[in-house]
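Undergrad: One structure coming up, written as structure tokens, with questions to follow.
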Amino acid sequence: MIYDEAARRDREDPLAPLREAFALPEGIVYLDGNSLGALPKAVPGRIRAMLKDEWGQDLIASWNCHGWIDLPQRVGERIAPLVGAAPEQVLCCDSISVNLFKLLATALALRPGRHTILVEAGDFPTDRYLTEGLAAFLGETRCRVREAPGDRLADALDDDVAVLLATEVNFRSGRRHAMDELTRAAHEAGALALWDLAHSAGAMPVALDACGVDLAVGCGYKFLNGGPGAPAFLYVARRHQNVVEQPLTGWLGHRDPFAFADRYQPAAGVLRYQAGTPSILALRSLEAALEVFDGIDLQALRAKSLALTDFFLAAVAAEPACEALTVLTPGDHGERGSQVSLAHPEGYAIAQALIEDGVIVDFRAPDIVRFGFAPLYNSFADAAAAARSLADVLAGARHRAERFRVRARVT
Ligand SMILES: *Cc1c(COP(=O)(O)O)cnc(C)c1O
């Protein structure tokens, strides 16, 4: 029986106790940590302390006495080992969208004479929108966008490509790129590689330094569990620091913000990638959330993520009612992220029926139901319950109910 098998796997799972570090509601199977990570129990206390002892007590002096001013840097250093970065290359700030603008412009400046940004067809929209926004802003003579399918990116590189922008794990299919190979291909063509780690950081080991990656961005509110709207992070390889300026020359990226000088002079290192005042509440939340990763073996985390998605895929395959679903997730472990994507023409309604059953998944147009597995807190019992619920919805055609046809703004 699948539930017995799941219980056995959970008993044998060395990471199972980590679930206790999260405040997950009873009776819910939460499989949307790839969209909004669950709440770590350490966060509320830290936020309360920040309100009471810092903002409430020491007011503006907190920028110095509680180190608020250094938080983007300090939280960046906590993220660095999760993405395989040596110190002084990661900064926690802004959103991925804003950081992409800064880093794409950086890449173009680092490759004068080249004008093309190569993007992947079907990548997350903001990556594409920001690229096109920057190209429109700079004008055709300075920046052009070229698109290629994920498996043809290396072939689309030529001597006009300044930077290849790729997301390690595709948000729709869950397909994972070989970061080392694609980065090498970009370098052989004389281009830089900018990686988006939105669906990898916190779910699996990432080796930015070892792969020779040039630039990267990543998300604070997905697998890092920093809370809704948590700041993102960016990575600039040491060899590319202090060479060029980034265009969002805000006062906190100045060498000496409190000199209030009339002329902008960039700070050294990644600090020049700060623009304006960060949200200290959001940084404190992410900082507390990251403590869950202390002492975690990322290889073990990856092994569990793969075991969970394997288990779920096998459970779905064993359900005759699930035959109508198309599995988009690669079978090969090397090509798989930490989610399972199943396509069905009635995907939106199926996702709503699952959510009504307490299996929290999400839907991505046009027809994809996503099951995100967060190896820090998801269990094999979660995977079993989701597969059973999915089979039950389909077998009873419960998703055909009228109420599941109405689309909410956030899917
Ligand atoms: C979630 C996600 C983002 C989010 O961008 P924000 O600007 O931080 O909202 C960007 N890129 C990818 C690939 C994502 O999955």
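Glycine is no exception: its Cβ is also placed from the backbone N, Cα and C atoms.
Quick caveat, the model's predicted, so the values are computed rather than measured.
Feature annotation from TrEMBL assigns pyridoxal 5'-phosphate binding site to Ile96, Ser97, Phe124, Pro125, Thr126, Asp127, Thr167, Asp196, His199, Tyr221, Trp251, Thr277. Look at TrEMBL and you will find Lys222 tagged as N6-(pyridoxal phosphate)lysine.
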Undergrad: According to DSSP, which of helix, strand or coil covers Thr167 (pyridoxal 5'-phosphate binding site)?
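TA: Thr167 (pyridoxal 5'-phosphate binding site) sits in a strand per DSSP.
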Undergrad: Just counting, how many other CB atoms are there within 10 A of the CB of His199 (pyridoxal 5'-phosphate binding site)?
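TA: That number is 26.
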Undergrad: For Thr126 (pyridoxal 5'-phosphate binding site), list the number of other Cβ atoms lying within 10 Å of its Cβ atom.
TA: 16
Undergrad: Which one of these binding-site residues has the most other Cβ atoms within 10 Å of its own Cβ: Phe124, Trp251?
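TA: The largest 10 Å Cβ neighbour count belongs to Phe124.
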Undergrad: Express the distance between the Cα positions of Trp251 (pyridoxal 5'-phosphate binding site) and the residue listed as 'N6-(pyridoxal phosphate)lysine' as a whole number of Å.
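TA: Here the two Cα atoms are 29 Å apart.
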